[in-house]
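Features as listed in TrEMBL:
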type	residues	note
DOMAIN	65-194	domain 'Heparan-alpha-glucosaminide N-acetyltransferase catalytic'
TRANSMEM	66-83	transmembrane segment
TRANSMEM	103-124	transmembrane segment
TRANSMEM	136-155	transmembrane segment
TRANSMEM	175-193	transmembrane segment
TRANSMEM	214-234	transmembrane segment
TRANSMEM	320-341	transmembrane segment
TRANSMEM	353-370	transmembrane segment
TRANSMEM	382-403	transmembrane segment
TRANSMEM	424-443	transmembrane segment
TRANSMEM	471-489	transmembrane segment
Amino acid sequence: MDEAKRVEEGLAGDAQTQLIKEHGEGDLCKKIDRNDGGDCIDDVPDQPVAKQVEEQPQVKQKSKRVATLDAFRGLTIVLMILVDDAGGAYARIDHSPWNGCTLADFVMPFFLFIVGVAIALALKKIPRIKDAIKKIVIRTLKLLFWGILLQGGYSHAPDDLSYGVDMKHIRWFGILQRIALVYFIVALIETLTTKHRPAVLEPGHLSIFTAYRWQWIGGFVAFVIYMVTTYALYVPDWSFVVHGQDEPERYTVKCGMRGHLGPACNAVGYVDRQVWGVNHLYTQPVWQRLKACTLSSPSSGPFSDDAPTWCQAPFEPEGLLSTISAILSGTIGIHYGHVLIHFKGHSERLKQWVSMGLCLLIVAIILHFTDAIPINKQLYSFSYVCFTAGVAGIVFSAFYVVIDVWGLRTPFLFLEWIGMNAMLVFVMAAQGIFAAFINGWYYKDPDNNLVNWIQKHIFINVWHSERLGTLLYVIFAEIVFWGVVSGILHKLGIYWKL
């Protein structure tokens, strides 16, 4: 049995003792790091391994995988598939056109939250800082590459069988790019401050915060940069070009203001237009579903006759300034990971997690309903960070109670399986690559393919409802299907990790 398998199953105690005898403590830490116990925690309090062996020579040190992490990651992927593919039929679960929060608006912060938790566990032991930084940089570059390939315009999956992108209009930012930058910053701070970590926390409810003060200082710096730029940066008039069936037409948006939080003149969009260029932004922003833009609101529809010019403008929902704010989501996630590492009792962990989640929710609700800082996913406002992180913390805590405390794993196994192969399901299902492959085998007409046939004849026609049929198709032909595939891959030991 290989060492990685032994560590995961909690059988590595004797092997660790032997490694210490043969190679010393440094090589043991290197061995553990190479096995990447990112979702594993030790059942004994953190202290030097040699000391553990010396004090407890007859007790095997167990490394236990936290099933909640995989289940939460799988839940996030499932939510993404659901809102992306069924959101067109059910506008209420699609992204909020501007202020407010819907089911779709939880996906990105949930991703960043669980990335933060995983960073804390993966980097709990860092034998060599240079090696850790190298891994962080390589993983960041991989995420950036896949993000640009999948969402930059090169891939037209699943409906359009062509591929390729005009570099004059490539989209530089997207979901994976945001995750990459947040991961890079949060993981880098965690790595560079490893020497400042305490082996044992001091007494007190706030000791977990002071012990990792540098992580919170990093989050506070991101918060200050975002808030100052959002409210102090002057946004001048700007223009964009719409390429329709006729001649391209240029429109001008009148601004000349600071601190505006509406769609047209906010600093978040201005920064992206200046850094990336207006031609490299997302061309179908959700604000097109606002009442000011279409009579079909909150669903998509044709622009109304008196729609303002900015309704047709591009906007990057995963932009640079809003990504700086998103660092806070990763910072909160890594705090939950630190709690998981340092607090060994279930009640202590849950007290820390639930109390912080409730505090974040209270702050968000106050900021939103006093109109101080509205909850807004497109701007990634501070109230949005607090609200979504608070919900993530409560959901994570609930999963932990049900799955890891009560041991009711069976109903959530499909989420665990998807979470273990999150990147594969994200690419193949959420980004439509597998559906595009199936669509490539059509009969006479590209629309006459197996995917469309199943959706129409097995779901829509049977239920005599396009909305209900679409929802059932997404649930059974996509979510359940990929849950089964992920389970098979798990049994075979096949995982796609960057």
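Keep in mind that glycine also has a Cβ here, set from the backbone N, Cα and C atoms.
Within its own chain, the transmembrane segment (214-234) has Cβ neighbours under 8 Å at 185-186, 189-190, 193, 196, 256-259, 261, 266-268, 270-271, 321-322, 324-325, 327-328, 331-332, 334-335, 379-380, 382, counting only residues six or more beyond its boundaries. Remote same-chain residues near the transmembrane segment (103-124) are listed as 36-41, 46, 66, 69, 72-73, 75-76, 79-80, 82-84, 87, 93-96, 132, 175, 178-179, 182-183, 186-187, 190-191, 194, 318, 326, 329-338, 340-341, 377, 384-385, 388-389, 391-393, 395-396 (criterion: CB distance under 8 Å, separation of at least six residues from the stretch ends). Taking Cβ pairs closer than 8 Å, the transmembrane segment (424-443) reaches residues 77, 80-81, 84, 146, 150-151, 155-159, 161, 418, 449-452, 478, 482, 486, 489, 495-496 in its own chain, all 6 or more past its ends.
Where the transmembrane segment (66-83) meets the stretches 136-155, 175-193, 353-370, 382-403, 471-489, the count of C-beta pairs under 8 angstroms peaks at 382-403. The recorded stretches the transmembrane segment (382-403) and the transmembrane segment (175-193) do not share 3+ CB pairs below 8 A when only pairs 6 or more apart in sequence are counted, and are therefore not in contact.
Confidence in the domain 'Heparan-alpha-glucosaminide N-acetyltransferase catalytic' (65-194), given as mean pLDDT, stands at 93.
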